[in-house]
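Worksheet for the structure shown next.
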Amino acid sequence: MELLKLNSSVQGPGPGSGSSLCHPGVSLLNSSSAGNLSCEPPRIRGTGTRELELAIRITLYAVIFLMSIGGNMLIIVVLGLSRRLRTVTNAFLLSLAVSDLLLAVACMPFTLLPNLMGTFIFGTVICKAVSYLMGVSVSVSTLNLVAIALERYSAICRPLQARVWQTRSHAARVILATWLLSGLLMVPYPVYTVVQPVGPRVLQCMHRWPSARVRQTWSVLLLMLLFFIPGVVMAVAYGLISRELYLGLRFDGDNDSDTQSRVRNQGGLPGGTAPGPVHQNGGCRHVTVAGEDNDGCYVQLPRSRLEMTTLTTPTPGPGLASANQAKLLAKKRVVRMLLVIVLLFFLCWLPIYSANTWCAFDGPGAHRALSGAPISFIHLLSYASACVNPLVYCFMHRRFRQACLDTCARCCPRPPRARPRPLPDEDPPTPSIASLSRLSYTTISTLGPG
């Protein structure tokens, strides 16, 4: 992903498609520059103000970096160890966590350190690698969010068709395809990324495109492929999902009241909570099927369990309607969490996409408007996308919170508590009635009927 780089203390060789800093047509890499905060001459800005801004930037970078590393590592460990969380949706969330971790590890240090040191000291290989890995990470995150939206749409609106292909093996193939496609899409970054001297003992990692037209075409291409088209696809998918869930909840509510009145009139008994019939809701069909987890995500069950579930389907009743409604509510919670993830992702990346496109078509105007604190905030906001997902999971995913607690308990088991010994002048504890009953039952069962 291409980010603007602005440098206050260095003047580039002149304008052009690969020119540096405050000149028109600059196209620079994710702020891993010798940049400070503004294109103004250093003497105009007070030393105290610059030191304060630098301290704030370092603090924010450190917080975002630590939260990204810790949070995404936690997601990877929890989703890897918890068998109950091995759903198709969580497979894509695992890939999303890996891409966010890659963004934090491969890009953040090489963004902050050159800003502190005033020059890029890591060489051409690191320069090209950082540019490439950042683009791959952003592309993988976007494609994973699109895959999650389509998977949720299929699971909720087309459940019968979805169960044919909605397996973890198919999800693994889709995830592999997203990584390969992202890797191919971002090949121009290492090709056109160079380390260029821009002053005495000052090096800068930057993109040097063949012409301004190529740079404009590339910016528009990324804007369409990684922002507008995915945004439209996800908006349509989640809109249809929300409509289906609303109609499903209303349908089950009406069915529940009708079934209860019918059972009361006929003197029937409530049924179980097994799979129910398919019903039509606004063009989307919903079915409650075996193998669906409580969070509304499909899990793979052995074939024997599926066959046994089919053979032992209980009679429909009020309990079945309530179970269907509970499953719909669980799906609604999952979709709400996924919507928050999508909104936060686009909120974090919309400013940098807009800034890159603006700079590609109007370099001087973009630099005048964005130099200083605005571009620093835009850079930090784009990196913050790597640490928001763990927070969303912890606050909105009850099962993920429980899995985190279980993982921590497994890694740090508590020592067994020693029973307090009775004092010499105390009587031994008297067994309770329940203990005596269990003892008598065990004795009788062991000895047999006389």
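The backbone N, Cα and C atoms fix where each Cβ goes, and this holds for glycine too.
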(request) Go through the topological domain entries in Swiss-Prot and note whether Gly48 and Met206 share a side of the membrane. (result) yes
(request) Select, from Asn30, Asn255, the one residue given the annotation N-linked glycosylation site by Swiss-Prot. (result) Asn30
(request) Have a look around Cys411 (S-palmitoyl cysteine) and count the other CB atoms within 10 A of its CB, chains all included. (result) 9
